[in-house]
Amino acid sequence: MAQQYQPGQRWISDSEAELGLGTILAQDGRLLTVLYPATGDTRQYSLRNAPLTRVRFSPGDQITHFEGWKLTVREVEDIDGLMVYHGLDGQNQPRTLPETQLSNFIQFRLASDRLFAGQIDPLSWFSLRYNTLQHTSKQMQSALWGLGGCRAQPIAHQLHIAREVADRSAPRVLLADEVGLGKTIEAGLVIHRQLLSGRASRVLILVPENLQHQWLVEMRRRFNLQVALFDAERFIESDASNPFEDAQLALVALEWLVDDEKAQDALFAAGWDLMVVDEAHHLVWHEDQVSAEYGLVEQLAQVIPGVLLLTATPEQLGQDSHFARLRLLDPNRFHDLAAFRAESEHYRPVAEAVQELLDEGRLSPKAHATILGFLGAEGEALLAAVSDGDTQASARLIRELLDRHGTGRVLFRNTRAAIQGFPERQLHPYPLATPEQYRNLPAGEHAELYPEVAFQAQGEVADDERWWRFDPRVDWLIDTLKMLKRTKVLVICAHAETAMDLEDALRVRSGIPASVFHEGMSILERDRAAAYFADEEFGAQVLICSEIGSEGRNFQFAHHLVMFDLPAHPDLLEQRIGRLDRIGQKHTIQLHIPYLQDSPQERLFQWYHEGLNAFLNTCPTGNALQHQFGPRLLPLLEGGDHKAWDTLVADARSERERLEAELHTGRDRLLELNSGGAGEGQALVEAILEQDDQFALPIYMETLFDAFGIDSEDHSENALILKPSEKMLDASFPLGDDEGVTITYDRGQALSREDMQFLTWEHPMVQGGMDLVLSGSMGNTAVALIKNKALKPGTVLLELLFVSEVVAPRSLQLGRYLPPAALRCLLDANGNDLASRVAFETLNDQLESVPRASANKFVQAQRDVLAKRISGGEEKILPAHNERVAEAQRRLTAEADEELARLVALQAVNPSVRDSEIDALRKRREDGLAMLEKAALRLEAIRVLVAG
């Protein structure tokens, strides 16, 4: 018979028990809407298979009114599908409690209900449930939660920034690291940690259109975040009243958004917790006028609590542009450009004094006076200790100065000069004769820098006349690859057509195995191409990438880069080199540059090498120089006056050297120290590497796969193939692919093989599998035979697992203070608790399975005795529960009070600490304590043990 639903009825979710009691709001066609008042969540379910259990209490049960008073049920009445409970309250007075007024925090003894209903699970499932509780508890309390699961080498400055920013309530910061230091990874880590902690649940990412794919790949590959990419086509085709409301993470191109007012209205109406804006330095602002893009981001920043701006370094931008970014974050704090300039000058002598302390290990009288003037009387004792050579005092002094830094809490900027671990670069130019076929091509951009594209565009040619038959760069490439033999080589060219033609050329003319990679391929096809290139034993020697196709991909296991042509902008040149030139690259980068002599290619090579020095070093001034000299550069690229060309290159070189000298003298070491984490990030790196070396996850996942009927077989070293078996328990297990997937637990393997899933405690497959165990009833009952000579045959032991459970919004992060670790009780016939004397694993090794029919028969025969013991077990464990809750309250209070005191003290000396941040922390503390006060003891699982 179909289930009858009525508004006001109380139900509990089988898959999300932590939501508390649900109330039926409406039944509309085939959809059922349920409100969970405890957390404020609303869910919609299909009527046919809603994962809900009706809440019904029986005479003898004790229930709670939402105002807190309790009722012992005597009689249950059904009035038009709604339950009305009659009974006695705490003063033994008769009262009535309609189910609509039940407390939203009531817990259920589902384990005992299942045991007595004969629903007894396999013995291994009980162990799986226990271990899942323990692992969940450990991860919830881990300082690495949200940081260790990224598919990247753990890098100190990135981890420091991610933890510092993500642990704030509604962070509003500027990430302005130099190129190659991983701003996108930093932003991804912040997003990931904020989502896992519940501090954010809806994230908007605004990027330039040409970076959409790069962000999509990075978020999916590195963080397993399923981002919805929005453009005009998707927005128009959506049937939803507001397409943005369906996406937890939305990736939107700013160019489209500015031109579409309807999309803007929908975006504002959707509501977001965190906004990330990439390339924020392209948002144009002047005191008397702002661009449409800047205005739109400014409006969004006024209504979205958290804002992350990713931008070029302040030195590249200039002070006015830098002020414009800070103004987006906190318009009250940064409201006056002149005042900002004056404040910046005020901090410069302090930064120089810190530089002196770091370089010399002591302070000159001038530096001493500067810092004393900045800190005031409270700095005297600290400065005296520094003068006496106290290194700890030096560290404390730097921390005091960091806290007072004008933009230290809102701006993070790391430089290559401050970060170790980058490889050297070596340049190998190869001038080649220009073939006759290229000398009379029609004028245009392609003819100048990419003659092969212009040649192909003239029309169809015979196979033996294709451009790669006569272009000397192709002969050179084949010879170079043969010389390098099995060495991995990355080839990048500007256009997809060139990449595909080069693959043909290598196959036809040399037989060298090559993989191709361009924007016309799907993400899956690119994954396969990258995996074929990465395979050391059977893979391709060379990967040929187009400019756009290679965005967002890093191949740092290779160190030879061939630029078959040169890009038109120095930023793109740096992006190409950045595919290999990353922190963690173990070899010197070998840059191979073939170019055609007496052509625009030769002059562009000279411009980049002699003018910008962009091959051997990163070029933070490249964009400014290209903009400044562009009007002279473009006409001269085509040829003409050699003297004018030499003058241009010399002028660019002089201007570059001047700008670089300015950058060096303007380095703010105080800000670099704060951004780098002053050692804190390195501790996180070591903790993550230590966690990587542990075997707890592979051991646990093997038991999880076994329980759910997932077959695993060896793929290669450190890799497994997972496939659903015929006995797969639950089709909703998050395998990721019905056909099967390849996984690895090894970070190094995952970095070189992007076609493999990198399993960590944070991976959706791991988290989803654990949720399936704990959100349902799997393993919450078991009956076993215990083989122990010390026990008389027939002796019955009862093992009970309890959990201290608090129903609260995830954003409060109460799991950190009251995690779902099992409170274990092992009762003998006399009611004695033996758990402290017999460890779980010790007991587990002595157990044997019992056929379900026999187990059920025994349970039914002992029902009254077992029910009494279960009740007694709850009484025994209650003091431990109360102490655990009290300890959680103490920890939350101590942690929140310490952070509050720090922020209040900080605000007195640094106006970048917002009132809203302090108020939010106070509210979180009060809400958290109130929710912990309602924490209940829940019976999680029962195991009946019979001595044999």
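Placement of Cβ uses the backbone N, Cα and C atoms for every residue, glycine included.
Per Swiss-Prot, the feature ATP binding site maps to ASP177, GLU178, VAL179, GLY180, LEU181, GLY182, LYS183, THR184. Per Swiss-Prot, domain 'Helicase ATP-binding' is recorded for 164-332. Swiss-Prot lists 473-627 with the feature domain 'Helicase C-terminal', giving sequence analysis as the kind of evidence. If you look up Swiss-Prot, you'll see 278-281 marked as motif 'DEAH box'.
Recorded features from Swiss-Prot, shown on the structure.
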residue : record           : CB count, 10 Å
ASP177  : ATP binding site : 25
GLU178  : ATP binding site : 20
VAL179  : ATP binding site : 20
GLY180  : ATP binding site : 17
LEU181  : ATP binding site : 26
GLY182  : ATP binding site : 23
LYS183  : ATP binding site : 24
THR184  : ATP binding site : 20
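Secondary structure at THR184 (ATP binding site), as computed by DSSP, is helix. Mean pLDDT for the domain 'Helicase C-terminal' (473-627) in the predicted structure: 89.
For the recorded ATP site, residues ASP177, GLU178, VAL179, GLY180, LEU181, GLY182, LYS183, THR184 set the reference point as the centre of their Cβ atoms, and the other residues of that chain within 8 Å of it by Cβ are GLU186, ASN414. According to its DSSP assignment, VAL179 (ATP binding site) is coil. As a summary of secondary structure, the motif 'DEAH box' (278-281) carries 2 helix, 0 strand, 2 coil according to DSSP.
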